[in-house]
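Okay, so here's the structure we're looking at.
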Amino acid sequence: MSVPLLKIGAVLSTMAMVTNWMSQTLPSLVGLNSTVSRAGSSEKITLFQSPEEGWQLYTSAQAPDGKCICTAVIPAQSTCARDGRSRELRQLMEKVQNVSQSMEVLELRTYRDLQYVRSMETLMRSLDARLRTADGSVSAKSFQELKDRMTELLPLSSVLEQYKADTRTIVRLREEVRNLSGNLAAIQEEMGAYGYEDLQQRVMALEARLHACAQKLGCGKLTGVSNPITIRAMGSRFGSWMTDTMAPSADSRVWYMDGYYKGRRVLEFRTLGDFIKGQNFIQHLLPQPWAGTGHVVYNGSLFYNKYQSNVVVKYHFRSRSVLVQRSLPGAGYNNTFPYSWGGFSDMDFMVDESGLWAVYTTNQNAGNIVVSRLDPHTLEVVRSWDTGYPKRSAGEAFMICGVLYVTNSHLAGAKVYFAYFTNTSSYEYTDVPFHNQYSHISMLDYNPRERALYTWNNGHQVLYNVTLFHVISTAGDP
């Protein structure tokens, strides 16, 4: 290999190292890494003030999508105490940006010159090969050709000189970047020592107060029902589907029961996603058939009405056995006092924030809805209320925070029309509309864990989020 070719090889190797340094080492030198990014994100949360600095929770509500919202008053902030350091940090970042732009220019020029060097390398290899094969006698014509070729190589010297200049520039930029990196590290350390930990403590304190807020938001008066969210279209016109109201958040199993009478097959899907896809499920075969669609899953067990009886059955999924069954005194059954849509819906079981409930009717109550609180272990009636609302005029019903909400129809145009408050044994007429998308609701149940209404609507499994009205008193309130 000739000396010029060796020089070009050295230049190419040097430029490869420079390119690698620009793409890998430069970002870490200027501090453009995950640590700096986290610090920047932390600065955004300085709005959260600790209680002793004057902010306070003054309202709380629930968004239309069902999420808990707590509103806090933030005191007016004076000029940031770290303005000097912030300005210095911005100046340093501008310098880093300028350095980065200079490096981009060098990289572009290097790429252009590299293409030229590669073409010259091909020419020099051709000359080297001709010199090696030439004999002792070289004609004047051959000398002229060699001279012409060497003339073509003359511009290469200026390219190499430019490489030398670029190398010096890179060395200078690298030194500047090192200085900037040191300054950034010092600022980062100072802000981390005096700011980030304090911010983290404030955020933790705020999270604790928001958690307390969420606990207080557990109950409230129903003021709105969201638009329907169709999860799946599966099964016949009537049925029920549900999740366990007492399960931990990691347990997202879904139970599916198609039909409204004489059914025994219960499908258990591992997750809501599996339910949507119709996969990963097991089958439970109940020892006694069910009636209606008012079933509920509570703390690992299914509570349902035994077909052609007023018997409540508690079936445990894990042991696949009936733990207890008991007659509900005086309760009508076999389409004696169903909802307006029929379907053997004489007995409807519900769970809210306070426990297990049964909604039904007796002859003694003249067909009016009776609400009974049940002991989930023995199925004994703890207490009962006569709501005075005729069950055959109700489309469906559900419990939220000890309040029974009744719809006036199971068809299109239905709304939540009546509310009975068990804590005061009083009632009121309401006007809370909701969109009955598929025009025939045969199951409507509230899940307190998810604060959502589960609905079976004409063969569609549908969810509704609810809006609850809350009145929250803070520690400073009289």
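Using N, Cα and C of the backbone, Cβ positions are placed for all residues, glycine too.
These features come from Swiss-Prot:
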type	residues	note
COILED	86-109	coiled coil
COILED	160-218	coiled coil
DISULFID	Cys219-Cys401	disulfide bond
DOMAIN	218-470	domain 'Olfactomedin-like'
CARBOHYD	Asn33	N-linked glycosylation site
CARBOHYD	Asn98	N-linked glycosylation site
CARBOHYD	Asn179	N-linked glycosylation site
CARBOHYD	Asn299	N-linked glycosylation site
CARBOHYD	Asn334	N-linked glycosylation site
CARBOHYD	Asn423	N-linked glycosylation site
CARBOHYD	Asn465	N-linked glycosylation site
SIGNAL	1-16	signal peptide
Practice problem: Could you list the residues of the same chain, at least six apart in sequence, whose Cβ is under 8 A from the Cβ of Asn423 (N-linked glycosylation site)? | Solution: Gly402
Self-check item: Mean of the pLDDT scores, which run from 0 to 100, over the coiled coil (160-218)
Solution: 66
Exercise. Rank the disulfide-bonded residues Cys219, Cys401 by the number of other Cβ atoms within 10 Å of each Cβ, and give the residue at the low end.
Key: Cys219
Practice problem: Count, for each of the glycosylation sites Asn179, Asn334, Asn465, the other C-beta atoms lying within 10 angstroms of its own C-beta, and report the residue with the smallest count. | Solution: Asn179
Exercise. Compute the C-alpha separation of Asn465 (N-linked glycosylation site) from Asn98 (N-linked glycosylation site), stating it in Å without decimals.
Key: 51
Exercise. State the Cα to Cα distance, in Å, between Asn179 (N-linked glycosylation site) and Cys401 (disulfide bond), rounded to an integer.
Key: 63
Quiz item: For the glycosylation sites Asn98, Asn299, which one has the sparsest Cβ surroundings, going by other Cβ atoms within 10 Å?
Solution: Asn98
Quiz prompt | Asn98 (N-linked glycosylation site) and Cys219 (disulfide bond), distance between Cα atoms, whole Å | solution = 57
Quiz item: When the Cα of Asn299 (N-linked glycosylation site) is compared with the Cα of each of the recorded positions Asn98, Asn334, Cys401, which one is closest?
Solution: Cys401
